[in-house]
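What Swiss-Prot annotates here:
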BINDING   Gly82, 85-86, 92-95, 110-118, Ser122  5-phospho-alpha-D-ribose 1-diphosphate binding site
BINDING   Gly82, Asn113  anthranilate 1 binding site
BINDING   Ser94, Glu228  Mg(2+) 1 binding site
BINDING   Arg168  anthranilate 2 binding site
BINDING   Asp227, Glu228  Mg(2+) 2 binding site
Amino acid sequence: MDIKSALSRIVGHLDLSTEEMRDVMRQIMTGQCSEAQIGAFLMGMRMKSESIDEIVGAVSVMRELADKVELKSLDGVVDIVGTGGDGANIFNVSTASSFVLAAAGCTVAKHGNRAVSGKSGSADLLEAAGIYLNLTPTQVGRCIDSLGIGFMFAQSHHSAMKHAAGPRRDLGLRTLFNMLGPLTNPAGVKHQVVGVFSQALCRPLAEVLQRLGSKHVLVVHSKDGLDEFSLAAPTFVAELKNDQISEYWVEPEDLGMKSQSLHGLAVENPQASLELIRDALGRRKTENGQKAAEMIVLNAGAALYAADHAMSLKAGVDLAHDVLHTGLAWEKLQELGAFTAVFKVENEA
């Protein structure tokens with residue numbers, strides 16, 4: 001199906017099949033469509049609302065065209081990632097949580113990008129921490145295999161996305177592409193915590209990942225609007241495990257955490273996020289640092305469970321709490337900085 005035929009269909013609020021969506025996405029991602037056509041397609045899909053078949057088709061093409069990271073093994077390799085767009089400007093919880101996971105013995109293939117609507121994306125934070133981002137897929141694989149953690153800078157692995165960059169920027173609205181990033185990890189992880197900007201997306205994205213072969217995934221959205229587990233409100237979870245999807249709410253108290261306001265956790269820039277994370281993963285001298293530490297524990301605990309490194313959410317949170325207090329997570333961040341610095345010298349020689 002070509003994009004003109006697809007536009008005729010979606011204007012009539014008719015869904016595309018998975019294969020039809022693959023056809024259109026390949027045309028978009030290989031530069032065969034005009035910016036006007038891409039913009040019209042994205043807006044039409046938004047107004048119609050994307051079906052599960054359409055998302056599966058789009059994700060499969062993005063994965064097919066990605067510059068992939070090859071790992072020695074994918075057993076238990078996990079990613080913790082969010083769509084962004086929640087408007088809260090909270091510090092980089094999922095990125096900080098990744099280092100707790102690695103310190104706990106998990107293997108983490110973290111996928112992320114620069115901020116679009118927020119104040120600090122995962123790439124912005126890591127750059128502020130002195131971590132070199134412009135790695136080849138092979139170099140990222142060496143980080144993950146050697147240290148148990150590596151960062152895949154989305155723009156380096158999804159170069160075909162450049163064809164949609166202009167229309168997305170000009171539209172200035174959330175589109176299909178906002179939900180594709182967390183679903184297109186270049187290492188092909190089968191274990192994830194995926195935070196989304198709307199509760200309505202939780203079940204559909206869990207079904208998408210089920211169809212694409214994921215093993216254990218938590219798709220989450222908190223009642224106070226975050227694309228992650230919240231200390232201040234219940235969090236809705238669509239969990240894919242053993243090829244079955246269950247849906248439930250989780251209160252902080254269910255996991256041994258105290259409900260509390262998120263006041264003091266919003267940041268204005270990557271440096272502020274880094275300082276809060278340094279405090280949270282280090283000595284926690286401030287009230288906000290302690291609160292940030294608990295937010296990290298909550299989300300890292302969920303990812304330990306998704307990685308099958310813990311038997312339950314509660315067990316994951318307990319393990320994350322113990323690991324965070326050792327200081328090993330901050331050491332792991334510094335290790336990654338030193339490891340990538342060697343690649344920077346190689347790449348810039």
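Glycine residues also receive a Cβ, built from the backbone N, Cα and C atoms like all the rest.
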Between Asn113 (anthranilate 1 binding site) and Gly82 (5-phospho-alpha-D-ribose 1-diphosphate binding site), find the distance joining the two CA atoms and give it rounded to the nearest Å.
11
Listing them in sequence order, which of the binding-site residues Gly82, Asn92, Thr95, Gly112, Arg168 have their Cα within 10 Å of that of Asp227 (Mg(2+) 2 binding site)?
Gly82
10 Å Cα neighbourhood of Glu228 (Mg(2+) 1 binding site): matching binding-site residues from Thr95, Gly112, Arg168
none
Could you tell me which three-state DSSP class Gly112 (5-phospho-alpha-D-ribose 1-diphosphate binding site) falls into?
strand
Mapped DSSP class for Thr95 (5-phospho-alpha-D-ribose 1-diphosphate binding site), helix or strand or coil
helix
Any idea what DSSP makes of Glu228 (Mg(2+) 1 binding site), helix, strand or coil?
coil
Can you tell which of Asn92, Ser94, Asn113 has the most other C-beta atoms within 10 Å, given these are the binding-site residues?
Asn92
Rounded to an integer, what is the Cα-Cα distance in Å between Arg168 (anthranilate 2 binding site) and Gly112 (5-phospho-alpha-D-ribose 1-diphosphate binding site)?
18
